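Feature list (source: TrEMBL):
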DOMAIN    1-72  domain 'GAIN-B'
DOMAIN    82-333  domain 'G-protein coupled receptors family 2 profile 2'
TRANSMEM  84-106  transmembrane segment
TRANSMEM  118-135  transmembrane segment
TRANSMEM  155-178  transmembrane segment
TRANSMEM  190-209  transmembrane segment
TRANSMEM  241-263  transmembrane segment
TRANSMEM  284-304  transmembrane segment
TRANSMEM  310-330  transmembrane segment
Amino acid sequence: MRAKISNLSDNIDMIFKHKDLTGKASCVSWDGKGKLNWTAFGCKTEINNDTIKCSCSHLTFFAVLMIPQSDANITAPHLESLTLISSIGCGISMFFLSIGLFMHFLLRKAKSNQATKILMNMFVALSLLNASFLSNESVANTGDNTACVFIALLLHYSMLASFTWFFIQALHMYLWLIRQNVSITNYMRKITVLGWVCPAPIVVVIVSVEGYEAVILKAASGKITRMCWITNPYIHYIVNIGYYAVVFVFTTGIFIMIVTKVLQARNIKATEDKRKTFRKQLMMVLSLFLLFGLTWSVAFFSYGPMLIPSYYIFTVLNSFQGFFLFLYYYHIHNDVAGNFSDDPESTESIV
């Protein structure tokens, strides 16, 4: 009839029967225009045993959506605290990453080796990731679709670039500490192009299919948070989880090889104090975890009873990752006996 009927003085009541209620029932409506976007506005949901009553103040297309008890429902009470931890961690990481970049480009650039240059590229990628995350909500709240798509693209690109530099870091250590005596012409130029160009086609394809939009997250307290991100769950899992899974398999393999090699080398040198040796080994393992981005693998354990704990562990480790990497950078440039070297003979240098 092309008539907009709303704000009825007496609500329209609709009764739906069900046998097995799985999930949370919600009365929704659609205005019949554009994409099928259901909204609960103007409708109340009442559930009584095997009956669902929808009471709505307007006329349009109606339906009852059965919303499963998903991870989003379970984590809603923790959304605000996780967001606060992320914001604080990213802010601190952004500050110290900036200091690290300042120290490198203005004070120590001439003395930097290949390992330090790779670390600085990782600093840049993580700085972009933190900056785009911290500004994401503000951009989403403006309601500007173009700005939202841009910040989502930047956030996604910088995340994939960070994953790529984790991969390159592991590849570099493999070439110099495992293979050794490897000669590659224009080595730094090639891996720099790989690190920054590899994620670009992915975000271009997602933009072309309009995969970036504003996402609404609702906390248990009722507070609504808007973020610009990927709306399609299939794209998210295939691209992000798939991309990192490939990086994780490679970096984990190199991690095991390097740890084994270093431990074997130290078993030969049994003259050191055991406590000091253990401390060095622990620092080496923690450093590799950060450099290879293995802390992101905590997301793979976000199931069952480990769901909420893994979210907090993941949030703390990865939001503060920039700060931890700065401590590593500061350590290797101030510990005369432990400077990281590109010398393949120096297996002790990564501590």
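Any Cβ shown, glycine's included, is placed from N, Cα and C.
Contacts between the transmembrane segment (284-304) and the transmembrane segment (190-209): absent, as fewer than 3 C-beta pairs lie under 8 angstroms at sequence separation of six or more. Contact count against the transmembrane segment (84-106) (Cβ pairs under 8 Å) is highest for 310-330, out of 118-135, 155-178, 190-209, 241-263, 310-330.
Counting Cβ pairs closer than 8 Å and at least 6 residues apart in sequence, the transmembrane segment (118-135) and the transmembrane segment (241-263) reach fewer than three and form no contact. Long-range Cβ contacts of the transmembrane segment (190-209) within its own chain (Cβ-Cβ under 8 Å, at least 6 residues beyond either end) map to 118, 121, 125, 149, 153, 156-157, 160-161, 163-165, 168, 171-172, 184, 230, 235, 239, 243. Here the transmembrane segment (155-178) has Cβ contacts under 8 Å with residues 114-115, 118-119, 121-122, 125-126, 128-129, 132-133, 136, 184, 191, 194-196, 198-200, 202-203, 206, 212, 228-230, 240, 243-244, 247, 250-251, 254-255, 257-258, 261, 291-293, 296, 342-344, 347, 350 of the same chain, all six or more residues outside its ends. According to DSSP, the domain 'GAIN-B' (1-72) comprises 2 helix, 35 strand, 35 coil.
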